[in-house]
Amino acid sequence: FFPEEDSAAVMSSIVAPEKPSSNTTAPKEVELILVKEQNGVQFTSTTLVAPAQTNPNGEEERETWGKKIDFLLSVIGFAVDLANVWRFPYLCYKNGGGAFLVPYLFFMVIAGMPLFYMELALGQYNREGAAGVWKICPIFKGVGFTVILISLYVGFYYNVIISWALFYLFSSFTSELPWVHCNNTWNSPNCSDWAENSSVSDIYKATPAQEYFERGVLHIQDSNGIEDLGRPRWQLTSCLAVVIILLYFSLWKGVKTSGKVVWITATMPYVVLTVLLLRGVTLPGAIDGIKAYLSVDFLRLCDAKVWIEAATQICFSLGVGFGVLIAFSSYNKFSNNCYRDAIITSSINSLTSFFSGFVVFSFLGYMSHKHNVALDKVARDGAGLVFVIYPEAIATLPGSSVWAVIFFIMLLTLGIDSAMGGMESVITGLIDEFKFLHKHRELFTLFIVVSTFLISLFCVTSGGMYVFTLLDHFAAGTSILFGVLIEAIGIAWFYGVDRFSDDIKEMIGQRPGRYWRLCWKFVSPCFLLFMVVVSFATFNPPNYGSYMFPPWANMLGWCLAMSSMAMVPLYAIYKLCTLPGRFCNRLAYAITPETEHHLIENGEVRTIFVFHWIDKLTASWVQDQNGLCLS
């Protein structure tokens, strides 16, 4: 008790732990509050305080998704992005129609799904972000930083696409859409309405929608190239700021908030796509467009380029290699069935790509019919499809403003949850690696989104499209294929497929089948190695229309790509240099799971036996009697 004083009342509180009983699930605390008043009478009160939940290691228990559906919607929302609408349908049309599904599904089964499953299981078992999961094989932690950097780089320009969609959305609240005619202040003498321009292939002519995007939105006419960017345009800067604010308040509290946001952002695109399809199929020429989309030309399968494009689409459409799947699954309950989740979400992603093709080509068929031109004159992929061709088609419909608002809301929701996934990969990966950031998640999230906003300002200048093109070409191309390759090698050949399968059995009660183990160990790494080689061999410098980037810009792009890939060897060297003992002991520590380092301290090292160059590689423990690391 306090000694008596003549001053006002003194208050203090003491926290005394209560001995846990045998049937308690977590320790409890008793808060004892002592109050001393002037008249000498003391009052006490006690309160049971629930401490933060801890795991057996004494660490704070990891946050989990509020509901299972929150996780599924988050993964679907991330994987289903703008590329599902603007890239897959065009690739399908260009590469043999329905025949393109043959190589697409083939690579989906042998590489896409196994890698998707692998990342979900890796994150769920280790309950860490992209860098922290590599406590299973510390020398490979560099690949975790590689994918974190890639996600950060992509955020620099991906948020700009969402800001374009937001700008178009605001512009759609008019009685007449601004990309209908050529009588606007931003139009050039080359502008020509579709009705007046019977030859849309004329390179000297531009449609109102094309000029609105390039001259009205981007103001690219005010720049002579990447060396002449100009100042950020306040309209796009304001839209970008709104996007950043949306991202921050979706992520600042972790998966408890982002898991609720995706109920809207992940489901809205399906509602809008269905509405647009129902409207699209009623338009003249729509059926011809859909027939062209599905037309089967099996002779195209003899072209190696078709198979390469199918493999590339699989690599990027599922979202492996960004660290997002690892981050999302790390918030699952330990016993969650990640195998079922992998099958469901990867299948939904591919079906969405296929379904969106019907929507896109119903409108492209309508445009082809309305202007009496061949379908290949209006069919394109990339930003030109969703910001030029599709708005142009919508502008010809009755009630065009309403349809434009619906369409750009869909683009906004498609982009925002994918951007949330990329940001979550960076935030989770870093706060799990640097534990002190856990207590400051809100501030750290603010730091990440503000930093991203500041870099993105380069993309909303008059010459910002050149910066955007450069980032899009280098940030997540070869580097992400390299990252997934190293990830697959680290798990399959160093940590071990059998050990990884045991981890999965511990979670879901059964080991993966032989098919999955073969894919992880042989098929997927070979597939990824092939893709990395092809990516280097078929590299073409970026361009925007007729503009070719100067050599220094290409060099800067390669530095960006190499900065993420370099994390793998740099961290491996750092790890080997900072570990104690002789080189053999250092190597043993570096390739051994951190939970088993005590075996090395007891004189045991991990060795690798190579029985045959393609037969198998197994890991075992032997006594280091001769000071040798390999035997």
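Cβ coordinates are placed from backbone N, Cα and C, and glycine is handled just like the others.
Per TrEMBL, the features are:
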- 71-89: transmembrane segment (TRANSMEM)
- G77, A79, V80, N84, S317, N349, L414, D417, S418: Na(+) binding site (BINDING)
- 101-122: transmembrane segment (TRANSMEM)
- 143-170: transmembrane segment (TRANSMEM)
- C182-C191: disulfide bond (DISULFID)
- 234-251: transmembrane segment (TRANSMEM)
- 263-287: transmembrane segment (TRANSMEM)
- 307-328: transmembrane segment (TRANSMEM)
- 348-367: transmembrane segment (TRANSMEM)
- 402-422: transmembrane segment (TRANSMEM)
- 443-468: transmembrane segment (TRANSMEM)
- 474-497: transmembrane segment (TRANSMEM)
- 518-539: transmembrane segment (TRANSMEM)
- 551-573: transmembrane segment (TRANSMEM)
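Local packing around the recorded positions C182, L414 was summarised as the count of other Cβ atoms within 10 Å of each Cβ; on this measure the leading residue is L414. Closest to C182 (disulfide bond) in space, going by CA atoms and restricting to the binding-site residues G77, V80, S317, L414, is L414. A simple way to gauge crowding: the CB of C191 (disulfide bond) has 21 other CB atoms within 10 angstroms, across all the protein chains here. Annotation for G77 (Na(+) binding site): spatial neighbours V262, T265, A266, D417, S418, M420, G421, criterion Cβ-Cβ under 8 Å with sequence separation of six or more.
Packing against the transmembrane segment (551-573) from elsewhere in the chain are residues 139-143, 145-146, 149-150, 153, 226, 466, 470-471, 473-475, 477-479, 482-483, 486, 541-542, 590: each is 6 or more residues past its ends and has a CB under 8 Å from a CB in it. The residues near the Na(+) site, meaning same-chain residues not in G77, A79, V80, N84, S317, N349, L414, D417, S418 whose C-beta sits within 8 angstroms of the mean position of the site's C-beta atoms, are I76, F78, D81, A83, G319, T352, in sequence order. Remark: of the binding-site residues S317, S418, the most isolated position is S317 (fewest other Cβ atoms within 10 Å of its Cβ). In this chain, the transmembrane segment (101-122) lies close to the transmembrane segment (474-497): three or more C-beta pairs between them fall below 8 angstroms, excluding pairs fewer than 6 positions apart. Here the CA atom of C191 (disulfide bond) lies 35 Å from the CA atom of S317 (Na(+) binding site). Here V80 (Na(+) binding site) comes close to A266, P269, I348, N349, T352, L414, S418: these same-chain residues lie at least six apart in sequence, with C-beta atoms under 8 angstroms from its C-beta. Sequence-distant contacts of the transmembrane segment (443-468), counting only residues of its own chain at least 6 positions beyond either end whose CB sits under 8 Å from a CB of the stretch, comprise 152, 155-157, 159-160, 163, 214, 218-226, 228-233, 236-237, 240-241, 244, 247-248, 251-252, 423, 426-427, 430-431, 437, 544, 547, 549, 553.
With pairs at least 6 apart in sequence, the transmembrane segment (474-497) and the transmembrane segment (263-287) have fewer than 3 Cβ pairs within the 8 Å limit; the two do not touch.
The stretch with the most CB contacts under 8 Å to the transmembrane segment (143-170), chosen from 348-367, 474-497, 518-539, is 474-497.
When each of 348-367, 474-497, 518-539 is checked for Cβ pairs under 8 Å to the transmembrane segment (71-89), 348-367 comes out on top. Counting only same-chain residues 6+ beyond the ends of the transmembrane segment (474-497), those with a CB under 8 A from a CB of the stretch are 115, 118-119, 122, 134, 136-137, 139-140, 143, 146-147, 150, 153-154, 156-157, 315-316, 320-322, 517, 520-521, 524-525, 528-529, 531-532, 535-536, 539, 542, 557-558, 560-562, 564-565, 568, 591, 593, 617-619.
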